[in-house]
Amino acid sequence: MIGPPVNLPKWLEENSHLLKPPINNYCVYNGDFTVMIVGGPNARTDYHINTTPEWFYQHRGAMTLKIVDPTEGNNTFRDIVIREGDMFLLPANTPHNPVRFADTVGIVLEQKRPAGSLDRMRWYCQREGCGAVVKEAAFHCTDLGTQIKEAVEAFKADEEGRRCKQCGEVAEWCPKPGSIRDPNLE
């Protein structure tokens, strides 16, 4: 059965309590496409790698999409600010960390994963000048609402598994307060 349209402001008024850390997402549609409403703030340091493109629309406030850009050679870390009213299409297989700030809301649309495809959650060393891969988890994504959260929670619980094999730094499981510039304060 085809359901009715979702009035986003009304949905947020009635359901914003469903947007819970560490991901703060809620899947409103989950079929051939997954449509998530995502609120802020969130607390994660992972970079998600999806074999399909992801579409972002920022309904309220601005967010920062931290990416590892393979097109600039040597996997350059960079930030893309998506402001209120902006939409952005992230190419498939681009490592990305969506950073959401207080009182912000966005919509993310993802395709259903092809059979046999693996999503990856990757954590990089945060020490200046290092950037080595600290840990990577792979899974066939069938439920975005729970699987990403499970991977983040497992990383949080494994302090020794967060140690960089290249420099010895222990990676943070969530960003340190004030470590990421909030474009909403500019």
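In case you wondered, yes, glycine gets a Cβ from its N, Cα and C as well.
Sequence annotations record features per position, and here Swiss-Prot assigns O2 binding site to Arg44 based on sequence analysis. Sequence annotations record features per position, and here Swiss-Prot assigns Fe cation binding site to His48, Glu54, His96 based on sequence analysis. The substrate binding site feature in Swiss-Prot is assigned to Glu54, Arg100, Glu110; the stated evidence is sequence analysis. Taken from Swiss-Prot, the feature divalent metal cation binding site applies to Cys125, Cys130, Cys164, Cys167.
Listed binding-site residues: Arg44, His96. The one with the lowest count of other Cβ atoms within 10 Å of its Cβ is His96.
Straight-line distance linking the Cα atoms of Arg100 (substrate binding site) and the residue listed as 'O2 binding site', rounded to a whole number, equals 10 Å. Across the structure, Glu54 (Fe cation binding site) and Cys130 (divalent metal cation binding site) place their CA atoms 28 angstrom apart. Summary: among the binding-site residues (His48, Arg100), the fewest other C-beta atoms within 10 A of the C-beta are counted at His48.
In three-state terms derived from DSSP, His48 (Fe cation binding site) belongs to an extended strand segment. Listed in chain order, the residues near the Fe cation site other than His48, Glu54, His96 are Tyr47, Ile49, Asn50, Leu65, Leu90, Thr94, Pro95, Asn97, Pro98, each with its Cβ within 8 Å of the site Cβ centroid. Least crowded of the binding-site residues (Cys125, Cys167), judged by neighbouring Cβ atoms within 10 Å of its own Cβ: Cys167. Across the residues the record lists as binding substrate (Glu54, Arg100, Glu110), the two Cα atoms farthest apart are 18 Å from each other. Ranking the binding-site residues Cys130, Cys164 by the number of CB atoms within 10 A of their own CB puts Cys164 at the top.
Cys167 (divalent metal cation binding site) sits 35 Å from Glu110 (substrate binding site), taking the Cα positions as reference. Sequence-distant neighbours of Glu110 (substrate binding site) (same chain, six or more apart, CB under 8 Å from its CB) are Phe33, Thr34, Met36, Asn50, Thr52, Glu54, Trp55, Leu144, listed in sequence order.
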